[in-house]
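What follows is a set of notes on a single structure, which appears directly below.
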Amino acid sequence: MNITIIGTGYVGLVTGVCLAELGHTVICIDNDELKIKALSKGICQIYEPNLNNLLQKNIINKKITFTSDKKPLDKSNIIIIAVGTPLKENGEINMTFINDVLRDIISNVKKDTIIIIKSTVPIGTADEIKKNLDNTDLNYHIVSNPEFLREGLAVSDFMNPDRIVIGTDSEYAKKVISKLYNYFHALKVPIIYTDNKTAELIKYASNVYLATRVSFINQIADISESLKCDIKDIVYGIGLDKRIGNTYLSPGPGFGGSCLPKDTKALINIAKAKNIECPIIKSVYSYNNNRMKKLGIKIFNILLKHNVSKTKYTIGILGVTFKADTDDVRNSPSVTILKHLTKVIDCDYEIKIFDPKGLKNIKKYFKNKKIKYYEDVYETVKECNIIVILTDWNYFKKLDYDKIKNIIKNPIIYDCKNILSKKHIEDIGFDYYGVG
């Protein structure tokens, strides 16, 4: 099938490359000329495991192309909208990019077309778009087809989904999309056909539930820490219950990224507009924000506890992306923690940052000359008063901590992701702090 995707961010690019891998002919459209030139050469500007390999393969096979031209819109069987929908300051979703895309479609499409919305939009958006497009001479089939891709596992999630959600009242669209996703029928992937609004709410409910699990286990970790219990055993014990499972039960700094915080805040606003009380969701959002601030204070308090010289603190930060296996720092807990930490430190300081993939992006957030960036992890921790692990990169588990013990000023580790063995690190001679 001929497919046009508008937007080449994490969702649009992964969707385009994976559909090309499934044999479809894909054109990706984006207004960013520099990004288009890079992608056309097979240069992926985001880090996502296996994405670059599939991109280059399908460019060679002529299954995917990139352009800023809107004319290909009229040549497609399906148009997929995958542009950003950021939050405004008041918590409402900014629909500017969606509205721009719709204008482009109306201006360029001269035939009946299926429009799939993958962007996360306010509930009722698809119905509103359909109503507006019904005033035109063409027959547009509007479909809500939310994505459930995890950054760091996006390619795998697309090719092996837990489910596919299709929201539409068009029988024609259902038949065409069934062909689009024909590959997944053999895998017996559940495909849910429902109405547009229900599909939109499934997306929000999924993400907000995951956010709730993260906040829940972080609160349990706080209780565990106060009672001197073992949070790892608690998580294991909870996770063995088949009704619960063990995903999204890892204590840490809190949830971040481009989806969970945004969607949680957006659902609060959606409920508010309908005069619906949602105290659980509100508490999840507020607790998560407060937790990051408290962790910034805790780093400072650990330094005070060990009577580290107050002339100058040197703090080594390992990991700034919101999760491992991505270069994305949007709404990363690390950003909030570092901002708050710099506010509470009452003397001179230097913060040294290392991340396997996120350095380029984190530099956009801090212009502070006291925050420095390192390509080498051992240079990062050298002469530090404390090491703080904020992202669960597997790379950090494999470091030579005997070597680090010999080059660090004060052997203190605050492992905010609980990725290290407390006993092993303490046997080397570190003071170890975890979460819970």
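Heads up, the Cβ atoms here are built off N, Cα and C, so glycines get one too.
According to TrEMBL:
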type: BINDING; residues: ASP30, LYS35, THR85, THR120, GLU151, LYS262, ARG330; note: NAD(+) binding site
type: BINDING; residues: PHE148, LEU149, ARG150, GLU151, LYS203, TYR248, LEU249, SER250, PRO251, GLY252, GLY256, LYS323; note: substrate binding site
type: ACT_SITE; residues: CYS259; note: active site, nucleophile
type: DOMAIN; residues: 316-422; note: domain 'UDP-glucose/GDP-mannose dehydrogenase C-terminal'
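Helix, strand and coil counts under DSSP for the domain 'UDP-glucose/GDP-mannose dehydrogenase C-terminal' (316-422) come to 34 helix, 21 strand, 52 coil. Taking the Cβ of LYS262 (NAD(+) binding site) as centre and 10 Å as the limit, one finds 20 other Cβ atoms among all the protein chains shown. In this structure the alpha carbons, written CA, of THR85 (NAD(+) binding site) and CYS259 (active site, nucleophile) are 10 Å apart. Note on THR120 (NAD(+) binding site): other Cβ atoms within 10 Å of its Cβ, all shown chains, come to 21.
Counted over every protein chain shown, other Cβ atoms within 10 Å are most numerous around LYS203 among the binding-site residues LYS35, ARG150, LYS203, ARG330. Across the annotated binding residues for NAD(+) (ASP30, LYS35, THR85, THR120, GLU151, LYS262, ARG330), the two most widely spaced Cα atoms sit 25 Å apart. For LYS35 (NAD(+) binding site) paired with PRO251 (substrate binding site), the C-alpha to C-alpha distance reads 36 Å.
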